[in-house]
């Protein structure tokens, strides 16, 4: 197991390194020059040249990459080209919002999805199963931003049950924090919950048909123990894959949801930076997203070993 | 061979099992009666689809959603299991009746160690602390002949061979000292040498604890090895039941006779087969169900359902021409 973790960690570092090159290189392909954004259209060539030199844009690529990577390893992702605000600082300012949003959405979608999926599987063919099937189809088909707009319009603006935009720190006022995140979390979690419910249902139905389930019945175990302790553990293997994908998906969609609900998180920072051609900011946020995604994938891989002892041995 | 002198601990009376189909229920186990006494082994033999496994599953009330018990009684120490509540039935499963299955490779949960799976059964029925249940699990693994049980208890099923897994399943089935053990083709999936070991183990455990063993198999050699009495099933009915020696020496039902001839003989001899196939349950012959394939079929065979006739106090057969055929044979 320790060797497995070590190998996977090494692979992860390699991957992040490759992505860092890609992220760095990709920005070179963005049309336009950041100096024109900063200086405007009327800048003289001299002004541009001076600025380019001071920003290090004239250095050879490899030197620029080395500087950036060295800084990134030390936690310094450079400074914003527009505001001279440190990128790392900008990320830490906003990450709490995105993390709250993504983690809460993940928890909600996993809990709701698993509960619906398992219950539907146990009552296979019943009324609940049919409603769950219909509901999850709708949940998957529905665009997130649309659901967000509907929720804002009705629960937020019309009924005034929830604030429609903005964010309050957890430390400042937990109740307000929860109220501000409620609609974004529902918006973000709906699709994931539907996806997880479908996968969990299919997987539990399959598992309950396996031979070992009959042995468990023959041991006199209760249905709760058979499903909860035994079948679910085997059934979770494909579900974990879906949950892992949801994390990446939630991060991606948080960009939209943050826009709909005007939440100042990483997603809106990323979008704004791209529009501003604020290269260090784009590089920093993309690198962060990459690290999050590959770390989640690692955790998913490692969980297989716990769920399926045979996999731990062979991988 | 021991004679069944003790009161039967498991007494199945006129068991009827129905399977739901698109065209309505179909009777697949038709009036089966079996009795097993403590320390005794009853073999249940027949081709695939004859209703052997369904009979055993009906005893455990594990038929699933597509089949149900439509009649008869399953008396365990005098209590009719067919009338028990769901919770009481769970106490019986794994507690009073243990069951061993055909496929040891898939019968265990791959996600838990074998020790945990045995200990879980102990905890379920004995309500003992974890440590004590684990200790008992190790003892049981030792008892079924798993070497270094202390260490092996911490291994997962995939670390074990088929024979060893079957030992684990047996340990699990016996963990709460059941009075009846249902063994559904426990050796069919195993190598011949391993088969012999498992049979010896089962016989030993039966003699040690005096449990009643219902041994299901289609292999007459295995049946001859371990059973005291045999019930032969064909198309959902018991067609002959007798002490194992009598059945092999003087079978009275043509189907039993034909089955005995299907056992491979000396090298070079042609393997006998029974012509035709087992009838489908929705197209059973009106009289004797074996009549279409029987070498001794006569005009009276199709007249109507045939009763299980008494040959002698321990021997019964379901054949219209019982007496005529006996004369021919002698």
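Note: Cβ is positioned from N, Cα and C throughout, glycine not excepted.
Look at TrEMBL and you will find A:95-300 tagged as domain 'ABC transmembrane type-1'.
Remote same-chain residues near the transmembrane segment (A:12-30) are listed as 61, 64-65, 68-69, 72, 277, 279, 282-283, 286-287, 290-291, 294-295, 298 (criterion: CB distance under 8 Å, separation of at least six residues from the stretch ends). Under the heading transmembrane segment, TrEMBL lists A:12-30 (among others).
The annotation transmembrane segment is assigned in TrEMBL to A:95-119 (among others). Packing against the transmembrane segment (A:95-119) from elsewhere in the chain are residues 128, 132, 135-136, 167, 169-170, 177, 181, 184-186, 188-201, 203-204, 227, 232, 239, 243, 246-247, 250-251, 254, 257-258, 263-267, 288: each is 6 or more residues past its ends and has a CB under 8 Å from a CB in it.
Sequence-remote contacts of a segment are chain residues at least 6 beyond its ends whose Cβ falls under 8 Å from one of its Cβ atoms, and for the transmembrane segment (A:131-157) they are 116-117, 119-120, 163-165, 183-184, 186-188, 190-191, 193-195, 197-198, 201, 253, 256-257, 259-261. Annotation comment: TrEMBL describes A:131-157 (among others) as transmembrane segment.
The annotation transmembrane segment is assigned in TrEMBL to A:177-197 (among others). Residues 100-102, 104-106, 108-110, 112-114, 116-117, 120, 132, 135-140, 142, 144-145, 147-148, 151-152, 155-156, 162-164, 166-170, 239, 242-243, 246, 249-250, 253-254, 257-258, 260-261, 263 of the same chain lie 6+ residues outside the transmembrane segment (A:177-197) yet bring a C-beta within less than 8 angstroms of a C-beta in it.
Packing against the transmembrane segment (A:250-275) from elsewhere in the chain are residues 80, 90-91, 94-95, 97-98, 101-102, 105-106, 109, 144-145, 148-149, 152, 164-167, 180, 183-184, 187-188, 191-192, 281-282, 285-286, 288-289, 292-293: each is 6 or more residues past its ends and has a CB under 8 Å from a CB in it. Annotated transmembrane segment per TrEMBL: A:250-275 (among others), in sequence order.
Annotation source TrEMBL lists transmembrane segment at A:281-300 (among others).
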